[in-house]
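Novice: Positions annotated as active site by TrEMBL: Asp244. Residues or ranges marked as active site, proton donor by TrEMBL: Asp293. According to TrEMBL, the feature active site, proton acceptor maps to Asp512. Residues or ranges marked as substrate binding site by TrEMBL: Trp197, Asp199, His341, Trp344, Asn381, Trp479, Lys506, Glu510.
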Amino acid sequence: MSKVEFYNGTTLLSTDTAAPYAYTWTGVVAGSYNITAKAYDNGGLSTTSGLVPITVTNGGTNGAPTVTLTGPTTGSGYTAPATVNLTATAADADGTVTKVDFYNGTTLLGTDTTSPYAYTWSNVAAGSYSLTAKATDNSGNSTTSNAAAITVTTGGQTDGHVDNPYTGARGYVNADWATKARADGGAAIAGASTGVWIDRIAAINGTSSARGIRAHLDDALAQKNAGTGPLTIQFVVYNLPNRDCSALASNGELKISENGLERYKTEYIDPIATILGDPKYSSLRIVTIIEIDSLPNLVTNTNLAACAEAKSSGAYVQGVQYALNKLHAISNVYTYIDAGHHGWLGWDSNFGPSADLFASTVRGTTAGFASVDGFITNTANYSALVEPYFTINTTVNGQSVRQSKWVDWNYYVDEQSYAQAFRNKLVSLGFNSNLGMLIDTSRNGWGGANRPAGASTSTDVNTFVNQSRVDRRIHAGNWCNQSGAGIGERPRATPAPGIDAYVWIKPPGESDGASQVIPNDEGKGFDRMCDPTYTGNDRNGNNPTGALPNSPIAGQWFSAQFRELVANAYPAL
């Protein structure tokens, strides 16, 4: 015998040339192996032994699995009878996970044996609960996750979605706005509910000057729990690429030509939807105002390059559709699309095509018409809610008020009649019959000494309209920091047929735009419509702008304007 070789499969491990023939194989990792020995004589002939299969396992104590309860998170709140979705991740480094048990305290709720591990706990009564997940491996070892404390409260809605989110609900009071309002003489309205504007990506998590979405939602939860019944909080979703394409004061940070639509989806809408969809906030009624001054621009202002690009690229339509798909999927979120105002879309050449565009856009969403709860008009604008001293059917010395320079052949003279008519048009195109309208009444009160006390006695149609109208703007196309404006009707639910609520989406006192060039990092430019010295353009009949002087950039506090709004409030404070 000349030698013996030792093999694992076809791999030579070692050779021994002297009896007794042996080899010690060290450092063998866990696994299965096939061992053989091959003997050679001095003539070169060889014989291989029979195969010996062996298994090597990890030595020492078997390790326990790992487990994390991924949902719900500590602090989550629900309304009874609640549905709580428990989810967990689990792994085992030296074996397999055989099951994950879900517990409330020491009470077993349910078990899942396959990943992803989940359990739906239904009809949960009011109370406080401590939830854990316990993973067990194939050796019987187990690990329990950290506990998540949740609260289920009584009251509120049990179906997650109601027809009108304002009915029977209190409104969220933004403490930041309320503090500024009180400091500038607005104590009487500091308790009003106002919209929270998410006007750039940084606003989602908050900046040095403004709190983020979660901070407001946490405050809303605290306000809800401090009272009784449901609570409604309002957010303005406002960051489309080429945003507000017909104005400069509120131009945004995203550009269509710079991958703006994709950024809008992934960096803006997706994180907003993630936060609003947190089960912690499921007991709140969350109203979202979808992209003001967007879709109507595709009807009326495509002569402008930025609007033409928004139309040809499909960015506005696709962006709104994406936002609706993401937000409608959250049961306690309500979506209201901006529908301009009567001084913009009240002519039949704008009214019908805008309604058609809204309908075709919404048809392209996952849920179709069901993805929209309603529309809002007069957002951040000044159009009078109701003209009390004349209607569109009024005639003066045989002439219709439509022939006056102020009305200019428009089919509407005020916002409420426009909103109700627009709703009827939308329903005729397929929108749900319970479609609701909102009207922003934050700054359309037009009270004070200049408010007419009655109809004019003039027989000249222009004089009659100008002396009778409560909207004291120079032109209905003027929209920036209007001189003489006042606080309007206070927020309230179901004030008129087809109207879900009067709301204050634009917080009174926040500027519409700067009256001069002010460098900033918010993407907000200078629009001459905010300059009181500007003599106008074709969109305001080449009239003066009526804007107040010394205004800051859009969204910043404008103390002088707020004090004037308070002084001119109607109804008076």
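Positions of Cβ are set from backbone N, Cα and C atoms, glycine also.
Can you tell me where each of these features sits in this structure?
Specialist: A coil conformation is recorded for Asp293 (active site, proton donor) in the three-state DSSP classification, outside any helix or strand.
Around the Cβ of Asp512 (active site, proton acceptor), 28 further Cβ atoms fall within 10 Å across all displayed protein chains.
According to its DSSP assignment, Lys506 (substrate binding site) is coil.
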Novice: Fill in the CA-CA distance, Asp293 (active site, proton donor) to Asp244 (active site), as an integer in Å.
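Specialist: Each residue's Cα considered, Asp293 (active site, proton donor) and Asp244 (active site) end up 5 Å apart.
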Novice: Judged by the number of other CB atoms within 10 angstroms, which among His341, Lys506 is the least packed of the binding-site residues?
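Specialist: Among the binding-site residues His341, Lys506, the sparsest Cβ neighbourhood within 10 Å belongs to Lys506.
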